[in-house]
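Listed in TrEMBL:
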- 20-43: transmembrane segment (TRANSMEM)
- Glu147: active site, proton donor (ACT_SITE)
- Asp294: active site (ACT_SITE)
- Glu388: active site, proton donor (ACT_SITE)
- Glu406: active site (ACT_SITE)
- Thr492: Ca(2+) binding site (BINDING)
- 688-774: domain 'PA' (DOMAIN)
- 815-921: region 'Disordered' (REGION)
Amino acid sequence: MSEAGGGRGCGSSVPQRAPWSLVAATAAFCLVSATSVWTAGAAPMSREERQKLGNQVLEMFDHAYGNYMEHAYPADELMPLTCRGRVRGQEPSRGDVDDALGKFSLTLIDSLDTLVVLNKTKEFEDAVRKVLRDVNLDNDVVVSVFETNIRVLGGLLGGHSLAIMLKEKGEYMQWYNDELLQMAKQLGYKLLPAFNTTSGLPYPRINLKFGIRKPEARTGTETDTCTACAGTLILEFAALSRFTGATIFEEYARKALDFLWEKRQRSSNLVGVTINIHTGDWVRKDSGVGAGIDSYYEYLLKAYVLLGDDSFLERFNTHYDAIMRYISQPPLLLDVHIHKPMLNARTWMDALLAFFPGLQVLKGDIRPAIETHEMLYQVIKKHNFLPEAFTTDFRVHWAQHPLRPEFAESTYFLYKATGDPYYLEVGKTLIENLNKYARVPCGFAAMKDVRTGSHEDRMDSFFLAEMFKYLYLLFADKEDIIFDIEDYIFTTEAHLLPLWLSTTNQSISKKNTTSEYTELDDSNFDWTCPNTQILFPNDPLYAQSIREPLKNVVDKSCPRGIIRVEESFRSGAKPPLRARDFMATNPEHLEILKKMGVSLIHLKDGRVQLVQHAIQAASSIDAEDGLRFMQEMIELSSQQQKEQQLPPRAVQIVSHPFFGRVVLTAGPAQFGLDLSKHKETRGFVASSKPYNGCSELTNPEAVMGKIALIQRGQCMFAEKARNIQNAGAIGGIVIDDNEGSSSDTAPLFQMAGDGKDTDDIKIPMLFLFSKEGSIILDAIREYEEVEVLLSDKAKDRAAILKGKMIPSYIINSNPEMENEEQPSSENDSQSAEQITSSSQEVDLVDQGSPEESSLNSQPESLSPADTDNAASVSPSEQISNPMENHETTSLDGECTDLDNQLQEQSETEEDSNPNVSWGKKVQPIDSILADWNEDIEAFEMMEKDEL
């Protein structure tokens with residue numbers, strides 16, 4: 001995101017709707033001038049400490065970039081756990097995530113302008129030469145139009161922007177003759193066929209060699225795309241037009257934006273997540289500021305900054321007013337339905353919304369930016385990283401974290417706007433967490449599960465394109481950067497485009513089409529940069545006063561419940577009945593259900609069925625409360641089902657040269673020592689003989705007092721455990737015999753017993769897929785003695801290595817000493833960007849056994865009913881008060897209710913088991929009833945959806 005602000009200087013002498021030449025020259029000044037306002041609120045950080053942190057960021061970038069170039073280039077991305085490149089088609093498919101990979105050295109192109117920002121001009125020159133020499137854009141591969149635009153086209157344009165800047169300075173790039181720009185133009189023409197739709201919205205994917213629809217293209221049949229996918233093109237395409245004079249690129253991007261604006265929901269001024277590219281119908285009608293929509297809003301504001309077209313600002317302000325009216329529920333940002341914006345569509349938030357406080361800074365709306373940022377920071381302090389999704393009471397919903405940079409981005413912009421040293425401390429925390437938990441010998445590994453600290457063999461290109469750029473700029477002084485960063489705007493991938501493009505090759509019609517669609521209230525729009533005296537009303541503790549009430553929001557409060565109760569008390573009404581509080585034997589609760597149009601039916605099998613008829617509710621508000629109650633009941637039933645599933649475990653390699661930095665995701669066992677209740681098990685590993693562990697071991701002396709490695713197959717898991725336990729093993733790791741299997745792509749595996757009493761098994765047993773198991777086996781081949789830690793989650797390295805003679809940087813996560821002390825043998829260690837989930841599989845017996853059978857854990861099953869809305873729960877779940885069956889204290893200080901007693905799992909995707917039935921609904925004749933039925937279907941769809 002750009003530090004360039006609104007439309008004129010910070011004073012009052014520039015007239016409204018100032019010429020853009022003046023805007024471009026003064027816009028960036030607005031945020032910078034705010035820095036002088038802050039003189040207190042947090043202890044100032046010395047220049048020496050800021051320089052030290054800046055140097056640490058440089059070293060971290062060198063570690064990531066250097067390992068990519070050494071172990072992965074010319075592949076698209078580095079796989080940091082196995083120290084090799086990720087090549088499309090050579091690794092197991094990860095689904096849509098792989099659409100970013102096009103065999104065009106993605107990480108190198110995405111990192112070009114980062115090299116210049118970090119003052120690595122010689123490395124930049126070398127990298128540009130490699131791109132020109134090695135990169136081929138004519139590969140027979142299907143790629144995401146969105147990802148290719150923001151990462152590759154944006155990377156080439158950012159590289160070109162800084163190449164011509166360096167050339168003008170006269171020291172570097174004197175040989176450069178717009179070669180990157182020519183590559184960008186070639187890529188732009190390759191993307192243009194994607195816009196061949198009646199609406200002007202692009203297809204989501206395109207074949208770089210064959211385009212769209214041709215048989216050999218293997219794409220062109222898609223009908224849907226996300227709003228961000230279609231609405232995040234204008235900066236790159238307009239810059240390409242302005243650089244080259246070829247207006248076609250900007251024209252196509254503008255047409256797509258115009259169509260999205262026209263299709264917004266007129267009464268709420270919101271847009272949905274997914275739209276049909278041919279008809280313009282909304283496919284997913286929920287709306288928020290996170291995944292699927294995020295950068296659409298960002299590009300409306302930035303298109304105004306870069307291009308000077310008032311219509312983009314008017315559209316942004318119209319949307320922003322709707323966001324603050326419906327989606328913003330400080331400090332939360334919750335998705336709503338576009339046609340019923342007062343109705344929440346979800347009870348969780350995704351990590352991509354972390355960019356929004358930074359966008360609010362550019363808008364000049366500082367208070368909500370501070371509030372949301374602080375809430376996100378509290379979540380990070382609890383989990384070390386921001387989970388891919390978390391609930392409104394701040395429990396983990398999806399546990400992955402692919403090293404996303406959005407929170408660092410917002411931290412940078414808040415510091416630029418406020419000058420508050422608090423945000424320097426936030427940045428310091430981010431650096432420490434990355435070094436402590438994500439750093440591995442071959443780079444930085446994404447977190448598979450923030451709760452266990454397990455890693456994923458993944459280092460996305462955006463990590464180098466964005467994270468290090470924002471962190472370095474956070475601590476850098478102006479003289480630390482070799483060019484004026486204020487002369488550029490950041491794209492959504494943090495690529496730099498010069499503001500002078502606003503006055504170059506302006507051949508695009510700037511007809512203001514906004515007012516054709518809606519009457520606008522000019523009072524909603526800011527035509528000037530925000531006055532810092534209004535943003536910070538002469539109070540140096542302003543930001544601190546906003547943050548303070550949120551300090552304990554994660555651990556000690558339930559803000560949604562508090563807000564709701566306070567609002568209810570103010571209105572004199574009782575708060576709505578929550579599903580977790582419902583008692584089927586409470587007459588008052590039954591009366592409330594009746595008022596909400598909800599009927600309770602006792603089924604013959606002992607279950608209780610709840611059915612809602614919206615038209616029978618006492619009022620529209622009661623009907624809305626009833627709908628919310630039904631959704632909560634469905635979610636509660638789902639969570640109670642998940643309570644029976646075990647969370648993932650961790651295998652942490654603690655011996656030389658890993659020292660606890662490699663953490664592998666492991667599947668748990670339903671028998672043996674429970675690592676969540678007992679101390680972790682630590683020991684050296686040894687392979688059992690026979691390797692399948694299905695008979696008495698012939699090498700008991702080798703596994704005595706060690707953790708035995710066993711291969712999956714040919715007998716029951718419990719039988720393997722008994723055989724290695726009898727041989728004296730202190731634990732066991734079962735390695736999958738399906739070559740190439742990985743926790744990155746497969747559901748979490750859970751080992752079940754043999755149907756008999758397994759109380760005799762006293763040792764812990766964990767399961768590793770083939771890829772993770774190979775990391776241990778490869779380490780044994782190279783280092784012979786390999787020590788691991790079996791635990792419920794990764795342990796702190798300082799505790800693991802206490803008393804050991806090891807390099808100090810390992811414990812202190814101080815990378816400045818790494819180059820001096822680290823052993824040389826280190827080779828054995830986003831769709832809009834994708835958010836993935838996993839289901840759990842429970843196998844009763846090992847694969848390949850002649851007596852094999854399996855039991856898959858199933859999500860909740862709702863009993864069909866020929867009504868608008870129905871949910872069935874067992875008597876044990878809902879007839880009695882759930883609070884009577886649970887302790888009234890919370891271990892982690894979260895709010896005391898049934899939801900918080902249930903164990904959170906990372907998986908949300910529905911099991912494909914055919915026995916699970918969600919129940920079909922009869923379409924009512926009454927149009928109002930049909931409208932409510934649409935809401936229910938949307939809720940169920942979102943329960944199954946995977947962003």
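From the backbone N, Cα and C atoms, a Cβ is placed for every residue, glycine too.
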Residues in the domain 'PA' (688-774) grouped by DSSP into helix, strand and remaining coil: 19 helix, 18 strand, 50 coil
Cα-nearest neighbour of Asp294 (active site) within the listed recorded positions, Glu147, Glu388, Thr492: Thr492
Rounded Cα separation (Å) that holds between Glu147 (active site, proton donor) and Glu388 (active site, proton donor): 19
C-beta crowding around Glu406 (active site), within 10 angstroms: 26
Whole-number mean of pLDDT values that fall within the domain 'PA' (688-774): 90
Integer Cα-Cα distance in angstrom, Thr492 (Ca(2+) binding site) to Glu406 (active site): 9
Cα-to-Cα gap, Glu406 (active site) vs Glu388 (active site, proton donor), nearest whole Å: 12
